[in-house]
Amino acid sequence: MAGRSGDSDEDLLKTVRLIKFLYQSNPPPSNEGTRQARRNRRRRWRERQRQIRTISERILSTYLGRPAEPVPLQLPPLERLTLDCNEDCGTSGTQGVGNPEILVESPTVLESGTKE
């Protein structure tokens, strides 16, 4: 399935069925009763949904050996990022790709808004 190496299709299907069963075991609350009773039922339902989501993530990481979501990309602080066009930038859209330059002392880009 979907080109996953190392994962058998049966394990993936079994995991998906288990997670589907968890979500089906918590149907949305009914619309009967007073406003306060409905609000309490929705609050408890949302809490159960959060617990099911947490359990599902743990099941995915345990059975499939990987997290449910990709690891976020670590970026340097915004203060250190600059656009440096001292060299001939050219008109090509791909020039300089793959070689990002990070200057430690960045020039002031935004000033007070007054021209000198």
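Here the Cβ of each residue, glycine as well, is placed from N, Cα and C on the backbone.
These figures come from a predicted structure and were not determined experimentally.
What Swiss-Prot says about this protein:
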type: MOD_RES; residues: S5; note: phosphoserine
type: MOD_RES; residues: S8; note: phosphoserine
type: REGION; residues: 18-26; note: region 'Homomultimerization'
type: REGION; residues: 23-48; note: region 'Disordered'
type: MOTIF; residues: 34-50; note: motif 'Nuclear localization signal and RNA-binding (RRE)'
type: COMPBIAS; residues: 36-47; note: compositional bias 'Basic residues'
type: MOTIF; residues: 73-84; note: motif 'Nuclear export signal and binding to XPO1'
type: REGION; residues: 92-116; note: region 'Disordered'
type: MOD_RES; residues: S92; note: phosphoserine
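Mean pLDDT for the motif 'Nuclear export signal and binding to XPO1' (73-84) in this predicted model: 73. DSSP labels the residues of the motif 'Nuclear localization signal and RNA-binding (RRE)' (34-50) in these numbers: 16 helix, 0 strand, 1 coil. Broken down by DSSP into helix, strand and coil, the motif 'Nuclear export signal and binding to XPO1' (73-84) contains 3 helix, 1 strand, 8 coil. Secondary structure of the region 'Homomultimerization' (18-26) per DSSP (helix as H, G, I; strand as E, B; remaining residues coil): 7 helix, 0 strand, 2 coil. Within 10 Å of the C-beta of S8 (phosphoserine) there are 10 other C-beta atoms, taking all protein chains into account.
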